[in-house]
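K.L.:
First the structure, then my questions, so here it is.
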Amino acid sequence: MAGAITDQLRRYLHGRRRAAAHMGSDYDGLIADLEDFVLGGGKRLRPLFAYWGWHAVASREPDPDVLLLFSALELLHAWALVHDDLIDRSATRRGRPTAQLRYAALHRDRDWRGSPDQFGMSAAILLGDLAQVWADDIVSKVCQSALAPDAQRRVHRVWADIRNEVLGGQYLDIVAEASAAESIESAMNVATLKTACYTVSRPLQLGTAAAADRSDVAAIFEHFGADLGVAFQLRDDVLGVFGDPAVTGKPSGDDLKSGKRTVLVAEAVELADRSDPLAAKLLRTSIGTRLTDAQVRELRTVIEAVGARAAAESRIAALTQRALATLASAPINATAKAGLSELAMMAANRSA
């Protein structure tokens, strides 16, 4: 199914690129960059959750227009990633320089006027905006052409929730960084809004909304998705500190350098306060500063030594098991349960 989602994206993006040919080669280059970013990587998790949300309440396969609707989640994800890299000043994404760095390099290579860095940031903002606008266009088009009025209203409600929660979660994330928030509760709230809702809960509900009026199933997916989505984010937190850059495509320790207030970091500070005041001081004074590779390794050692990594793994396991227990009792068909169980294990235990 991931391949079918990619095919839908490819056809849509190629069509939009052809339709915009009259706008000239520079804009064509921006669209080509979006094509490359969307088609060149990603696990298609969000459209896959939408697909199984559909199958939870419908026995028939979704038609191509509905698959295109689910594919819009991948464009929304591209928007979030490009802008997240800007906010975090990240250098790499999926093993390549981030959009803002590539556009800054383009500016330098062509010896243009002004600041390469400012151009890079501006172009990356527009790249992300393009992904968001086209995601919205897909939803509007499919609702008008392929869904009954009641289904249209249900889908639009879920889509509005997705966008609001992603933006709200992202803002809370930067507030947490700026204020050096330390509580696990604060970090969990960010993880729920910024990641869990738009990665699992809302995609599942989008699929269900397109297929049928099943508020009972949507409510169950709210709980299932909250637990699994936070487990997904906690895995991301662990990979951000301990992951293999050759596999994740991002430098290990980026979250520590940017000062991201993840659950892993909050857990480390809380545990260090109890057992090792010197370690707690090191964490508080180092995270969010210009760290050398040696300092990243030292912080990684401290985080593991105080038990934060083990605590994160325990949380991931507990949340995943709770999500699977919720799924087991859900009034949905067995095929969807099996598909979602497999997808859940992959999401929580991935290495990239």
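Keep in mind that glycine also has a Cβ here, set from the backbone N, Cα and C atoms.
According to Swiss-Prot, the protein carries these features:
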type    : residues                   : note
BINDING : Lys43, Arg46, His77, Arg94 : isopentenyl diphosphate binding site
BINDING : Asp84, Asp88               : Mg(2+) 2 binding site
BINDING : Asp84, Asp88               : Mg(2+) 1 binding site
MOTIF   : 84-88                      : motif 'DDXXD motif'
MOTIF   : 236-240                    : motif 'DDXXD motif'
K.L.:
What is the Cβ neighbour count of Arg94 (isopentenyl diphosphate binding site) at a 10 Å cut-off, with all protein chains included?
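P.N.:
There are 14 such Cβ atoms around Arg94 (isopentenyl diphosphate binding site).
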K.L.:
Compute the C-alpha separation of Asp84 (Mg(2+) 2 binding site) from His77 (isopentenyl diphosphate binding site), stating it in Å without decimals.
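P.N.:
Answer for this pair: 10 Å between alpha carbons.
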K.L.:
Helix, strand, coil residue numbers for the motif 'DDXXD motif' (84-88) per DSSP?
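P.N.:
Counting residues by DSSP class gives 5 helix, 0 strand, 0 coil.
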K.L.:
So which one is it: of the binding-site residues Lys43, His77, which has the fewest other Cβ atoms within 10 Å?
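P.N.:
Counting other Cβ atoms within 10 Å of each of the binding-site residues Lys43, His77 gives the minimum at Lys43.
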K.L.:
Using C-alpha atoms only, work out the spacing between Arg94 (isopentenyl diphosphate binding site) and Asp88 (Mg(2+) 2 binding site) and round it to an integer in Å.
P.N.:
15
K.L.:
10 Å Cβ neighbour count around Asp88 (Mg(2+) 2 binding site)?
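P.N.:
So the Cβ neighbour count for Asp88 (Mg(2+) 2 binding site) comes to 18.
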K.L.:
Please list the DSSP helix, strand and coil residue counts for the motif 'DDXXD motif' (236-240).
P.N.:
5 helix, 0 strand, 0 coil
K.L.:
Roughly how many angstrom lie between the C-alpha atoms of Arg46 (isopentenyl diphosphate binding site) and Asp88 (Mg(2+) 2 binding site)?
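P.N.:
The Cα atom of Arg46 (isopentenyl diphosphate binding site) is 22 Å away from the Cα atom of Asp88 (Mg(2+) 2 binding site).
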K.L.:
Need one number: mean pLDDT over the motif 'DDXXD motif' (84-88).
P.N.:
94
